[in-house]
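A.B. asks: Input: one structure, supplied below.
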Amino acid sequence: MDPDTDTKTMADEDEPLFSNLDLFLFSLIVGLVIYWFMSRKKPEPIPEFKKLEIIAPTTRETSFIEKMKKTGKNIIVFYGSQTGTAEEFANRLSKDAQRYGMKGMAADPEEYDMGELSRLSEIKNSLAIFCMATYGEGDPTDNAQDFYDWLQENDDEDLSGLNFTVFSLGNKTYEHYNAMGKYVDKRLEELGAKRIFDLGLGDDDGNLEEDFVSWREQFWPAVCEHFGVEALGDDSSIRQYELKEHTDINMNKVFTGEIGRLKSFEVQKPPYDSKNPFLAPVTVNRKLNKGGQRHLMHLELDISGSKIRYESGDHVAVFPTNDAALVNKLGQVLGVDLDVVISLNNLDEESNKKHPFPCPTTYRTALTHYLDITHPPRTNVLYELAQYASDPQEQENMRKMASSSAQGKALYQSWVLEPCRNILAILEDMPSLKPPIDHLCELLPRLQARYYSIASSSKVHPNSIHICAVVVEYKTKTNRINKGVATNWLKNKLVTDNGHKSTVPMYIRKSQFRLPFKASVPVIMIGPGTGIAPFMGFIQERGWLKQQGKEVGETLLFCGCRHKNEDYLYQEELEEAEKNEVLTRLNVAFSRDQEHKVYVQHLMKKNKEDIWKLIHSENAHIYICGDARNMAKDVQTAFYEIAEDVEGMTRTQATDYIKKLMTKGRYSQDVWS
Amino acid sequence: MATTTESVSNGGGPVHEDKGETLRPDDLSEMLAAGTKDVHEKAENTQFVKDFLRGRIRRELFKLGAVALYYTYTAMEEEIEINKDHPHFAPLYFPSELHRHEALARDLEYFYGPEWKREISCSPATQRYVDRIHQVGQEYPALLVAHAYTRYMGDLSGGQVLKKVAQRALKLPPTGEGVEFYQFDAIDSAKAFKQLYRSRMNELELDAETKSSLVDEAVKAFQFNMEVFEELEEIGKTFQEEVSEDGMPIHGDTGGDISKCPYYASKMAASGGMAYACQLAMAILRHPTGQVLIATWFAVLAGLVAWYLM
């Protein structure tokens, strides 16, 4: 044996079984094998596919009747929707149904055979609700086109077994306002269907959500009445909020009338708006009229230091409180301690609205600052309170007034609306009605801010906001005295009250009621009664511009009151303005100073040539302020008559002319009803 | 000329011949309405707008649209501020009622997060629009009205419809985040405001030639807007996304992040490539079972090494 091989063998014995290279190759193979197994077993080692739900169109139910029968639904809500709003409303309505012991489903008319509508009679207590939006020029939405065509074409369709109601979605700025909804409502009736509740009209230019909620609140009680169905649960009616009484609470955490943030009335921070009003001290509060029964007043609010700015024509919003005597009486009639600290917490935890009003607070604060207790309660309130009337006749009457039957509506009209019964009156006149106060607080609407046209110009009074208002007070058919909330509250805001300054929580709401940009443009202002308010601001501003050396155009005022010696508002200021030629012409109508009534429109007609010249040849802007119901219409008619008399237009031409002035912003209205 | 009974819309209206004068056809508001009628219809009928109205708007595209609006309104409101006392613009100066750039900034913050300013950039079509606005503001301020009219009046009209569509299509919160651009908090009634705006336009003292140029500029403004829409449309095509039957894009869940799209990933896989292999490796490492196997392999390897060393 030679030594090398020996060494080699010995070295061999000392060496491991596998060489480095073997090891490496082995691991590599193992690794590749593992990899190969893995890639075989795993379909795709990439973030997982979520199984997509493809709506299988193969076996879709096109019969809504069959679907309703299968799923036990008696209410179907069809929606004509382009942007999803009507669809959303339909979904909400179908969910509502269960509160009333019924079952609803929302449906797209494009997906079902609408020819089956007459078959709804096969289902007990069935009801079809239509949420129809109007699109474009009074057209149906895309998904309602087929339904629309079907309605038009089938004159001999008999829908006598169909109970229906329509809520229509539209926008007043468009010519064919709510055309589709109105059409469906009319047509279904023509084809023999039975209308269960009045057509609801929603205006997206105003507040569509509010219109919908109002309509729906009245709608469901009417449905229940119609089908003789009771709202689910007699003692456990559908409460939205749960009462919590606080026995031991830090009074610093309790709301005492603030609208938004706790203590926001103690520690005031700008900017001031609807959620954070400014407490403006009252510097002037005087009676404007010299005689007569009414009380007309002029108030001035100091806004120094608030950084609040306004322009003449804007509105001041104030947060009034209810009369303390009224609140006390409510407490007595309900037999409760009003000073208990409570919270009402929303049972729906998903909801954004945790409480109906700032909580925790006392019942007294809620009834004084947060709740409306003076307007006649709406029908849905009566419906929900009915369960608390132990006398069967009273209970029946309450329910009936909430229904949409002709008899029910008439009763509501004659017993609630005409005699102006507020909640206290109803409780007093229905002695067996004893609702729990917390449920009542849930049902009563929120106390709204009131708006007044500002009667001053910020150029002349940058730190002061003037208000001109008439106190509302009247006797009702039941011999009660009803008082306007805000006007009585303002009347009692004396400049100094036991050494304190009275304050008014307020903010400015910008309006579009504005003087022309150029002072040289002539203006015609028509504002009888308290409608004169914004024009005091306009006149002050034109006077200021004149003082600044600007060329000021003609400034005409038509205002009015009942008796020259009694309620000629701002007589001194106005006569002064005319003397200084700030007011080109002051025309005051004293309606009751003679046998026949004389109103602003009569004075306008006397000046028809001048008025027409200003409008037609000198680009004058027209402003109307005051009562919407009668005065505004009468004044508009007077303008038509002037156009007819002086220019020889026909009524149609005159109407178009005025309409055009409105579009071009030369005929503005600040009117209230 | 027969009396027309056309519906009154947007400043236009029936023109009739009465005894004597016609109804001031030189009112700027009417000239603008008439002069832009055709181009307005065209803009309404672009693919982008039509799709949008049907709820066919992908989040990424909507965001890019908001970015374009931000640059546009920032430029316009900048020029408006500079020219607020210029006699040819002053009557139309309504900053608290109209100005949008702050609302748009809030929308962009909602979509892109707090570093939104660094994430956005101005696209070519938007830049051309912005340049024109600056040019007009500096050289010919009377024409600034044309741009303000085209945008703001539109926002107060059809713009309100777009808000609802966007909220629904993109599942935006009902509290208004993401669409604050469409909310005019200081305007109670869009209708009343438009009427006031028209009266102010008509108060501008402009000669016939300037008014005519103004109308032309408004038409140009519409065209700039349409170019932005077209640009967005083109960008949209490169997303390669599909839209399902009911108009909802499949990628709603991924929040528009394309790398999370399984379809996209599998497409990439099909086309192969190093990127895929790397992605695969990363995926293996991310996946727990993969991690176990790798660990096992290393353990085996370590075992063998240890054995070797012993």
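Every residue, even glycine, has its Cβ placed from backbone N, Cα and C.
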A.B. asks: Among A:Trp215, A:Trp220, A:Trp672, which residue does TrEMBL name as a further FAD binder in the site formed by A:Arg450, A:Tyr451, A:Tyr452, A:Ser453, A:Cys468, A:Ala469, A:Val470, A:Tyr474, A:Gly484, A:Val485, A:Ala486, A:Thr487?
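C.D. replies: Checking A:Trp215, A:Trp220, A:Trp672 against TrEMBL: the FAD site match is A:Trp672.
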A.B. asks: Return one of helix, strand or coil for A:Ala133 (FMN binding site), based on DSSP.
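C.D. replies: Assignment for A:Ala133 (FMN binding site) reads strand.
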A.B. asks: Among the binding-site residues listed here, A:Ser81, A:Asn171, A:Ser591, A:Gln601, whose Cβ has the fewest other Cβ atoms inside 10 Å?
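C.D. replies: Among the binding-site residues A:Ser81, A:Asn171, A:Ser591, A:Gln601, the sparsest Cβ neighbourhood within 10 Å belongs to A:Ser591.
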A.B. asks: Determine, to the nearest whole angstrom, how far the Cα atom of A:Tyr177 (FMN binding site) is from the Cα atom of A:Trp672 (FAD binding site).
C.D. replies: 22
A.B. asks: How many other Cβ atoms sit within 10 Å of the Cβ of A:Tyr452 (FAD binding site)?
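C.D. replies: Counting Cβ neighbours of A:Tyr452 (FAD binding site) within 10 Å gives 23.
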A.B. asks: Which one of these binding-site residues, A:Arg294, A:Arg450, A:Lys597, has the sparsest Cβ neighbourhood, judged by other Cβ atoms within 10 angstroms?
C.D. replies: A:Lys597
A.B. asks: Using C-alpha atoms only, work out the spacing between A:Trp672 (FAD binding site) and A:Gly136 (FMN binding site) and round it to an integer in Å.
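C.D. replies: If we compare the Cα positions of A:Trp672 (FAD binding site) and A:Gly136 (FMN binding site), the gap is 30 Å.
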A.B. asks: Among the binding-site residues (A:Gly84, A:Ala486, A:Ser591), which are close to chain B, meaning C-beta separation under 8 angstroms?
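C.D. replies: The answer, in sequence order, is A:Gly84.
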A.B. asks: Of all the Cα pairs drawn from A:Arg450, A:Tyr451, A:Tyr452, A:Ser453, A:Cys468, A:Ala469, A:Val470, A:Tyr474, A:Gly484, A:Val485, A:Ala486, A:Thr487, A:Trp672, the residues the record ties to FAD, which distance is largest, in Å?
C.D. replies: 23
